[in-house]
Amino acid sequence: MELFSLPSLFLLSTLFVFYISKFLNKRNQRNCYMLHYECFKGKDERKLDTETCAKVVERNKHLGLEEYRFLLRTMASSGIGEETYGPINVLQGREASPTLLDAYSEMDEIMFETLDKLFHKTKGFVSPSDIDILVVNVSLFAPSPSLTSRVINRYKMREDIKSFNLSGLGCSASVISIDIVQRIFETRENAFALVVSTETMGPHWYCGKDRSMMLSNCLFRAGGSSVLLTNAARFKNRALMKLVTVARAHVGAEDEAYSCCMQMEDKDGHPGFLLTKYLKKAAARALTKNLQVLLPRVLPVKELIRYAILRAIKRRTTTKRESTSSGIGLDLKTGLQHFCIHPGGRAIIEGVGTSLGLTEFDIEPSRMALHRFGNTSSGGLWYVLGYMEAKKRLKKGDKILMMSMGAGFESNNCVWEVLKNLDGKNVWEDSMDQYPELSKIPNPFVEKYDWINDDTMSFIRV
């Protein structure tokens, strides 16, 4: 007696193939491959060197001598070089009276230039009509129609595209965007996604005299990026990297953390962006919360056990008055090879590097990105990645930790695995040979305006 008839066997085999295919497709949908990325580089006439910055400062009639010295000191010690890019209206002397057209022009230049280059370099296998998901993040500019609609109109994308326009998320918005894409990939097969990350600087240049709001003028510069992602397994051989994991942490429930990085008006009614002294503490808390979730996913079990044992021993042998640990205590190099720290400022880069036990070699890409391009907000991480690639540091199998922090206060991090040896020419092509040596040259502004460090001038008021 036969156990199964031929029709039954055929049905069982069909069901078997169906469920195996479904399982494999589901597994592939969880993949997130990075196919290409482009960073914005402005024209030479858009460069905002320290001399030009000084002229912008001189135009602010609300400043006294002490505020003037504070700004010049900050610029000279910021870690930012002489070749960053500024918004057109500021370079034209119209920072006090920006227009809506200024904001649109700034966004169009950055978004469309990076997307044009991206589509040109991937035209053999991807076109604008293939894009299924579009995420644009710009914190300080949310017009109607949205910026995503502006991109869709420019490139005549499909009617069924899923678009997301993010605002108010600050410098960590790019990683948030990638997290959104990854989650949508779980519900769609063989999809393509674009993530556009930038910020509008021109309409938000601060023209008052509050020191906590002046800092944004010294640090932030024009820049942005566009990234092409897919979950289609057939493009794995073309992909640069594969997303390993994403972790997000938000400490905005604490009032000081929520208000340490905020868009507002000063007491005289001048709009700007407030950066308080609590920002460093908020960043440390958010980063700690984030890494508590992320690191167990990427570090080997052996390292986690070693850390747990040492921490237990230290708790028993250390008095309450003594610090229980020095730095994070974990050897991140056991599971990670590269560290992409958001180039928000020299203090942030060096502070994160010290707390994580990183070397000067590890934080060099972030410091160089800050020096060459400044703090470009949510697009900044991709300039750091570009430096690593241009320096031929990225080898197949390496893992990269991207760390970003933003208003709220949030820490959003992700880990990428490099799928091939990378040595592509990118936004760093014309300046790669000058770094890191160029960053070691003292700011010429310090010598020319050496009186800013003369404390005997402090009693003077203008």
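From the backbone N, Cα and C atoms, a Cβ is placed for every residue, glycine too.
Automated prediction, rather than curation, is the source of TrEMBL annotations.
Over all protein chains present, the Cβ of CYS171 (active site) has 28 other Cβ atoms lying within 10 Å. Taken from TrEMBL, the feature active site covers CYS171 (among others).
All chains included, 17 other C-beta atoms sit within 10 angstroms of the C-beta of HIS250 (active site). Residues or ranges marked as active site in TrEMBL: HIS250 (among others).
For HIS338 (among others), the entry in TrEMBL reads active site.
The active site annotation in TrEMBL covers HIS342 (among others). Take the CB of HIS342 (active site) and look out to 10 A: across all protein chains shown you find 32 other CB atoms.
Sequence annotations record features per position, and here TrEMBL assigns active site to HIS371 (among others). Around the Cβ of HIS371 (active site), 23 further Cβ atoms fall within 10 Å across all displayed protein chains.
Sequence-distant neighbours of ASN375 (active site) (same chain, 6+ apart, CB under 8 A from its CB) are ILE80, CYS171, LEU219, PHE220, ARG221, PRO343, GLY344, GLY345. Look at TrEMBL and you will find ASN375 (among others) tagged as active site.
Under the heading domain 'FAE', TrEMBL lists 27-316.
Per TrEMBL, domain 'Chalcone/stilbene synthase C-terminal' is recorded for 339-398.
Looking only at the domain 'FAE' (27-316), the predicted model's pLDDT averages out at 93. Less than 8 angstroms from the CB of HIS338 (active site) sit ASP362, PRO365, MET388, ARG393, LEU394, ASP398, LYS399, ILE400, LEU401, each of them six or more residues away in the same chain.
Taking only the Cα positions, the spacing between HIS250 (active site) and HIS342 (active site) is 17 angstrom.
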